[in-house]
Amino acid sequence: MATLQLSITLAMFFLQLLSGAHSSTFSIVNKCSYTVWPGVLSGAGTPQISPTGFALQPGQSTSIPVPTCWSGRIWGRTLCTEDSSGKFSCLTGDCGSSTLECSGGAIPPATLAEFTLNGAGGMDFYDVSLVDGYNLPMMISPQGGTGANCTSAGCAADLNGDCPMELKVVDGSEGVACKSACDAFGDPQYCCSVAYATPNTCKPSTYSQFFKTACPTAYSYAYDDGTSTFTCAGADYVITFCPSPSTSVKSSNPMAVDISSTGSQPTSSAFIGGAITTTLAVLWQLRHLF
């Protein structure tokens, strides 16, 4: 099985070389008034990105070169501290590694930027997903790409204050994240599982509509493909936390420990036919594999 997976990965690599596929750069920008600790998870069988976790102070940004055939997720962790034993943890978006860098994905709820680069037809597929809940505003903005659906996507709204009480994650009296209905209740109709595991049986709920109304270009539930997946060719991407300045996370978290120097710190769908159907299916499968 491992040999087969390696063969497939190598075949994809050489096909991309022959097609002259574009290698992208991700610029990650923190416009929040508080520190954000981005996490990165690469998909199985794709090249890895390093570092997998770092700190961005308010107003800070960094650029990361991305392998040609990369797929994976980027998210922001908030309210992070390091205890006296050196254990690192975050109140939202934590990845469970106990260190600045991540070895796995975000623990819900967390706003996710999802990418499949150089997918079907050489197109990049990207989205911002609230399927696993929400913890901070985030937008993806393509730079220099082409395509009829090559536009900004995501959630610029601050949802933590208005989150329904049954979904709200609080620290003291302040909302710091908003769970998905699936995470909050575990009901198959909200999780698009068991008898609700197809687009025909899993429909938007009042809870997913809360997310969709506030953030119309973000995924609100598992089968929200039509208005939530975007495509570009030959683009770089800017991923912005708090595209509209926000001070909602614990009033900029004055008690958090500054660990920005800890660990590895970086320097400084309009596509047709079967191709888009296939890649949307792959994206959905990746969402459930991470």
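Placed from the backbone N, Cα and C atoms, the Cβ positions cover glycine too.
Look at TrEMBL and you will find 1-23 tagged as signal peptide.
Taken from TrEMBL, the feature disulfide bond applies to Cys32-Cys242 (among others).
Cys80 (disulfide bond) has a Cβ environment of 24 other Cβ atoms inside 10 Å. The feature disulfide bond is assigned by TrEMBL to Cys80-Cys90 (among others).
Sequence annotations record features per position, and here TrEMBL assigns disulfide bond to Cys95-Cys102 (among others). Taking Cβ-Cβ distances under 8 Å and a sequence separation of 6 or more, the neighbours of Cys95 (disulfide bond) in its chain are Gly39, Leu41, Gly53, Arg77, Cys102, Ser103, Gly104, Gly105, Ala106, Ile107.
Annotation source TrEMBL lists disulfide bond at Cys150-Cys232 (among others). The Cβ of Cys150 (disulfide bond) lies under 8 Å from the Cβ of Pro142, Phe230, Thr231, Cys232, Ala233, Ala235, each on the same chain and at least six residues away in sequence.
Annotated disulfide bond per TrEMBL: Cys155-Cys215 (among others), in sequence order. Listed in sequence order, Thr111, Val128, Leu130, Tyr134, Pro137, Met138, Met139, Phe211, Ala214, Cys215, Thr217, Ala218 are the same-chain residues at least 6 apart in sequence whose CB falls under 8 Å from the CB of Cys155 (disulfide bond).
For Cys178 (disulfide bond), applying a Cβ distance below 8 Å and a minimum sequence separation of six or more within one chain yields Pro109, Gly133, Tyr134, Asn135, Leu159, Asn160, Cys163, Pro164, Leu167, Lys168, Val169. If you look up TrEMBL, you'll see Cys163-Cys178 (among others) marked as disulfide bond.
Feature annotation from TrEMBL assigns disulfide bond to Cys182-Cys191 (among others).
According to TrEMBL, the feature disulfide bond maps to Cys192-Cys202 (among others). Around Cys192 (disulfide bond), taking its Cβ as the centre, 20 other Cβ atoms fall within 10 Å, counting all chains.
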Could you tell me the C-alpha distance between Cys202 (disulfide bond) and Cys80 (disulfide bond) in angstrom, no decimals?
35
Within 10 Å of each Cβ, count the other Cβ atoms, then let me know which of the disulfide-bonded residues Cys163, Cys182, Cys191, Cys232, Cys242 comes out lowest.
Cys191
What is the total of other Cβ atoms whose distance to the Cβ of Cys102 (disulfide bond) is within 10 Å?
23
Select the closest residue to Cys32 (disulfide bond) from the following disulfide-bonded residues, measuring between CA atoms: Cys80, Cys182, Cys191, Cys192.
Cys80
Where Cys182 (disulfide bond) and Cys242 (disulfide bond) are concerned, what is their Cα separation in Å, rounded?
25
